[in-house]
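Taken straight from Swiss-Prot:
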- 1-188: domain 'IF rod' (DOMAIN)
- 1-22: region 'Coil 1B' (REGION)
- 23-45: region 'Linker 12' (REGION)
- 46-184: region 'Coil 2' (REGION)
- 185-243: region 'Tail' (REGION)
Amino acid sequence: GFSLQDELDFLKKLHDEELADVQAQIQDQQVQVDMDMAKPDLTAALRDVRLQYENLATKNIQESEDWYKSKFADMTEAANKSNEALRLAKQEANEYRRQVQALTCEVDALKGTNESLERQMREIEENFAIESSSSQDNIARLEEDIRNMKDEMAKHLREYQDLLNVKMALDIEIATYRKLLEGEESRITTPLPNLSSFNLRDAILETKPILENTFSKKVLIKTIETRDGEVINESTQNHDDLE
């Protein structure tokens with residue numbers, strides 16, 4: 001498109017051409033008047049014609065200049081408005097550019113924060129996995145220790161039960177022999193009617209039924225049943241036995 005300067009140059013050229021055309025017409029009329037100097041009756045008419053053309057030329061020149069000045073003023077105002085609009089557009093563009101730069105910096109900062117958070121999350125997940133694995137190992141080890149302790153406790157309880165049963169049996173046997181010996185001592189210290197007919201073996205055999213019928217003892221047997229180190233059943237039984 002044409003710029004303001006191009007349009008002004010075009011108007012000036014047009015004005016110059018119109019002015020030259022009017023001047024040429026006046027010159028032609030002047031030549032015609034000079035050629036017709038011999039005609040006195042046309043002198044006044046030619047003078048009037050020349051005056052009319054001069055007035056017309058002056059009017060055209062003035063109108064052209066006024067139009068040119070008006071057009072120039074309009075274009076200058078339009079140019080000023082365009083310059084103001086351009087200035088505002090540049091200012092707005094600069095503001096948009098500043099906002100874009102600020103948003104770009106903010107986006108970069110958010111990206112950095114996001115990457116940092118993702119890295120921390122990965123580290124937390126890795127640490128959690130390690131701690132979880134370690135905890136599972138510890139739990140498995142503790143469960144194994146508990147099972148071993150329960151087995152060991154059950155073993156000790158069984159050994160204790162066996163020892164208790166053996167002790168009870170020994171106590172019963174010792175008490176039985178003690179009573180037998182006390183009974184024999186009592187028979188020996190008793191006066192015998194005929195020593196020649198006394199038989200120690202017969203005396204012991206005779207004494208044993210008497211002791212069995214005379215002395216008795218309550219035997220308490222306590223049974224403890226365990227499973228995995230825990231007592232699941234406990235019972236007590238009374239038995240009559242010799243002492």
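The backbone N, Cα and C atoms fix where each Cβ goes, glycine too.
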Using Cβ atoms and a strict cutoff of less than 8 Å, what residues sit near the region 'Coil 1B' (1-22) while being 6 or more residues removed from its termini? 53, 56-57, 60-61, 64-65, 67-68, 71-72, 75-76, 78-79
DSSP tally for the region 'Coil 2' (46-184), helix/strand/coil in that order, comes to 139 helix, 0 strand, 0 coil
Over the span of the region 'Coil 1B' (1-22), count residues by DSSP class, listing helix, strand and coil in order. 19 helix, 0 strand, 3 coil
